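Structure first, commentary second.
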Amino acid sequence: MRLPRPAALGLLSLLLLLLPAPEAAKKPTPCQRCRGLVDKFNQGLVDTAKKNFGGGNTAWEEKTLSKYESSEIRLLEILEGLCESSDFECNQMLEAQEEHLEAWWLQLKNEYPDLFEWFCVKTLKLCCSPGTYGPDCLACQGGSQRPCSGNGHCSGDGSRQGDGSCRCHVGYQGPLCTDCMDGYFSSLRNETHSVCTVRTGLSGSYTPCRLSLGCWHGMGHVWIRNTHTQPGYSSRVRIAARLCLPACDESCKTCSGPTNRDCGECEVGWVLDEGACVDVDECAAETPPCSAAQFCKNANGSYTCEECDSSCVGCTGEGPGNCKECIPGYAKEHGQCADVDECSLAEKACVRKNENCYNTPGSYVCVCPDGFEETEDACVPPAEAEATEESPTQLPAHEDL
């Protein structure tokens, strides 16, 4: 890479200062990174749940090498899949905290089965439990069980950030989101719940929704008219509950009826085609939306990127049968990537005398039998080692000559 000349450094620095800073929201917070690491670790537990040492004699292997489900070999397989090689910050966190994860795996997981709570909340102190916020994980306004009375969002909920204040949903206001905004009245209020209902039209005719009154029409719902009279108001007042009928098709952003042909506007991920909103198949795009280690799965109005099987180098779908290529230690067998049993090959994988070979997923291990002495070129039985060191060859007694 050619470095900028000294004369240009001042101008370069000035340009960097003038460029708008990237949005902070796009960069994951430490808590989000920790949660992502834990999510991938838990996925690794699922992916390796049915594996074993793979040597063909599982009972003997587990008796000799301990059970695979709690082994360091399984932990190593999970750790190797946590971070993409290009994800510097993920690898940096993993390198710094690998000993914590190893300690949890080997000693603490039975006592603390929730890895996120132990690792991200209690140990690294990067996150908080749900319903709490800030450096000390204090309870949100309204309590950690129902923050903001269930009618709003707590600032910093689940993180070490925020101030715990409530950002109320439409129609609610007040420190705990229990009070009603103008245009709403309290239709239910007790010690635990507060429900605000919107007022509409002052005549006998139905007044269409207005966004200023929190209309949900644009969110795939339409209002229902309620003809009963609210105590304390004129009989001419009609009300519409903030509970709605789910009348729009999922493809509609707004609608005049229940089908995908009644959409006023299509939702994101859908497109108007011959008078109807139809799903966009993002997976059929010329440039795939997923990474090389993932496959695309189309869904209504969206798509998901699913991880390829651990035996794949690139894939077109789920499982080892859809691998483009196999990772080292695996080979195509009956149309899918299967582990190569190096221990059964004609050319020995373990070359030292008396050494045992144990196949593992994608690899193998060479181990001297229990009690044997390990040298550079052999596994020596204890008796043979002692005879070599302490008992030189004896000449026959004089009487025997």
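Here the Cβ of each residue, glycine as well, is placed from N, Cα and C on the backbone.
TrEMBL: automatically predicted annotations, no manual curation.
Summarising the annotation, TrEMBL assigns compositional bias 'Low complexity' to 382-393.
Note on Cys168 (disulfide bond): other Cβ atoms within 10 Å of its Cβ, all shown chains, come to 21. Per TrEMBL, disulfide bond is recorded for Cys168-Cys177.
In the predicted structure, the domain 'EGF-like' (136-178) carries a mean pLDDT of 91. Taken from TrEMBL, the feature domain 'EGF-like' covers 136-178 (among others).
The domain 'EGF-like' annotation in TrEMBL covers 339-380 (among others).
What TrEMBL lists as region 'Disordered' is 382-401.
As annotated by TrEMBL, signal peptide applies to 1-25.
If you take the C-beta of Cys177 (disulfide bond) and look for same-chain residues 6 or more apart in sequence within under 8 angstroms, you find Gly142, Cys148, Ser149, Asn151, Gly152, Cys166, Cys168, His169, Ser194. With DSSP classes pooled into helix, strand and coil, the tally for the domain 'EGF-like' (136-178) is 4 helix, 11 strand, 28 coil.
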